[in-house]
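Peer 1: One structure, as structure tokens, below. Some questions next.
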Amino acid sequence: MIFVTGTDTGIGKTYVSAILGKILKEKGINVGYMKPVESGGIEDTAYVRSELGLNNSFEELNPVNLKKPLSPNISAKIEEKEIDILKIKAAFEKLKEEYEFLIVEGAGGVAVPIKKDFLIADLIKYLDLTCIVVSRPNLGTINHTILTVDFLRKKGITVLGVIINCITDVSKVPYYEETFKSIEEFGNVEIIGIVNDKKDFYIDLKKLNLP
């Protein structure tokens, strides 16, 4: 099992989750997916559900769904909903029993609040998962990636590596190789994958504690 988090919203966690899931399926692994909390509709869950051909209901895969495209704590407040962490845990345990390998995707970045005194990073810790961090290749990513990795480690969470999702064409990013080296050197973390698109990617599966 693995938790897919990222340096920001819109960084490509859903896209990378789907690609990773399809790779594992092609290797004969019975892989499932879960997005514990989704704000702004059901689009992310629906996309990965479709890509992986999962038969689970949306509620099973996404136990907390909020309509407003805001931080979960704010969206829940506006919608007058109480986010039940035990409900998330129960859904997680059920899917964990059903699948050989489970990909759990976060919402936004690691410091996004789910509810009072409970961040995305706290959810990763609560579910006792290791994680990968999805990042971008362009200017600013060194800072964002290192801060994210450091925050997770201070919470006692193991970071297996970073996957660069090229939301900007990497060939148009000046000195991107030096950027990636800096992430690894100063963040003391390995870049285990680079995703250009659905057909052009590399992910080092040996780093993911596969069954």
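A Cβ is built for glycine as well, from the same backbone N, Cα and C atoms used for every other residue.
Pulled these from Swiss-Prot:
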| type | residues | note |
| --- | --- | --- |
| ACT_SITE | K35 | active site |
| BINDING | G10, I11, G12, K13, T14, Y15, D44, E105, G106, A107, G108, N165, C166 | ATP binding site |
| BINDING | T14, D44, E105 | Mg(2+) binding site |
| BINDING | S39 | substrate binding site |
Peer 1: Going by DSSP, give the three-state secondary structure for G106 (ATP binding site).
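Peer 2: Its secondary structure by DSSP: coil.
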Peer 1: What whole-number Å value do you get for the CA-CA distance of C166 (ATP binding site) and E105 (Mg(2+) binding site)?
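Peer 2: Distance (Cα to Cα, whole Å): 18 Å.
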Peer 1: Select one residue from G10, K35, G106, G108, C166: among these recorded positions, choose the one with the most other Cβ atoms within 10 Å of its Cβ.
Peer 2: K35
Peer 1: What subset of the recorded positions K35, S39, E105 lies within 10 angstroms of T14 (ATP binding site), using C-alpha positions?
Peer 2: K35, E105
Peer 1: Using only C-alpha positions, which one of G10, G12, K35, S39, D44 is spatially nearest E105 (Mg(2+) binding site)? These are the recorded positions in the record.
Peer 2: K35
Peer 1: Which residues, in sequence order, are found in the same chain with Cβ within 8 Å of the centroid defined by the Cβ atoms of T14, D44, E105 at the Mg(2+) site, excluding those residues themselves?
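Peer 2: For the Mg(2+) site, the extra neighbours are V4, K13, Y15, S17, A18, K35, E38, T45, Y47, V48.
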